[in-house]
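Chemist: I am attaching a structure below and will ask some questions about it afterwards.
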Amino acid sequence: MALSTCLTWPLRPALAALRQAAPMQRRGLSIPVGPGKTLDLGGIFPPLATPFSPTQEVDYAQLEGNLRRYANIPFRGLVVLGSNGEYPYLAPRERLEVVSCVRQALPRDRLLLAGSGCESTQATIELTVSMAEAGADVALVVTPCYYRGAMTSAALVQHYTEVADASPIPVVLYSVPANTGLDLPLEAVLTLAQHPNIVGIKDSGGDITRMGLMVHKTRQEDFQVLAGSAGFLMASYALGASGGVCALANVLGAPLCQLDRLCREGNWQEARDLQHRLIEPNTAVTRRFGIPGLKKAMEWFGYYGGPCREPLAPLSPPQVEELRGAFSANGWL
């Protein structure tokens, strides 16, 4: 259960003191870290699709089945309750149950990032604390956007600072302008990168120049940039990104981990060839057909996709054929 405001705010000084006294003893963290890094986010993270039954209830048995298959792929960790997890459509109880279910199934050497961003700072703090209690290692906090006209750099810096101050686990910023209509301003990112409990950003905007500047201007900070899509993963690595949170990893996880490895080893020609084959399928399961397309493609590769929650509608037969063509034309089907 999420802590109420009257419980959360008095916890802030204690949580801050705990982080200063024992920064590596946060709940759930069992990952060895490298020199100069509080937490290593390098690698591929699939933002898990939430499986639903035909009656649109969360299907935990199917979730566990997908997790068993993902355990055989060398992911750095998993993201739950991101955009592809239909986060806005889950009740608060369901969100915590999903995190708990994934934590129990996930090997301890893999990170669990959980979406905890809400529209208000107070609600975000409460949910972030609850996600930590449910077993999340890292909080992925999307930009509040309902009153986007008022979301100035100053307002967003204040919001994220208060969340990070109160959070018992590290925070990763999440900018996804395609969904929110709001790009977290670069100057806000650079300010927030200096916070000791903000360890990175998932940037889904696709602006490679902006991502390169983030890497360049935060190189003295304990801060990592994650590409938010498989479509520009190689380009992001070339500019110094640490990893990727990619919807396509729900479907083609092994090839994306291979691309990660090729880039780290400097095999750029082979990496480019693989990246080219991933662009069309990635576009199909993101911008073109979204979550219904992602779930349909999962079924072709042996995972459970299942229905989305309404009002998300299933693909039409012509759309299914177009989706299939994006995979078959690039040698995946």
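Every residue, even glycine, has its Cβ placed from backbone N, Cα and C.
Values in this document were obtained by computation on a predicted structure and should not be read as measured data.
Sharing the feature lines straight out of TrEMBL:
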type     : residues : note
SIGNAL   : 1-16     : signal peptide
ACT_SITE : TYR174   : active site, proton donor/acceptor
ACT_SITE : LYS202   : active site, schiff-base intermediate with substrate
BINDING  : VAL245   : pyruvate binding site
Chemist: Who sits close to VAL245 (pyruvate binding site): which same-chain residues at least 6 apart have their Cβ under 8 Å from its Cβ?
Modeler: PHE45, PRO46, PRO47, VAL79, GLY82, LEU113, LYS202, LEU226, ALA227, GLY228
Chemist: Using Cβ atoms only, which residues of the same chain lie under 8 Å from TYR174 (active site, proton donor/acceptor) while being at least 6 residues apart in sequence?
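Modeler: Sequence-distant Cβ neighbours: GLY82, GLY115, GLY117, LEU140, VAL141, VAL142, THR143, ILE201, LYS202, SER204.
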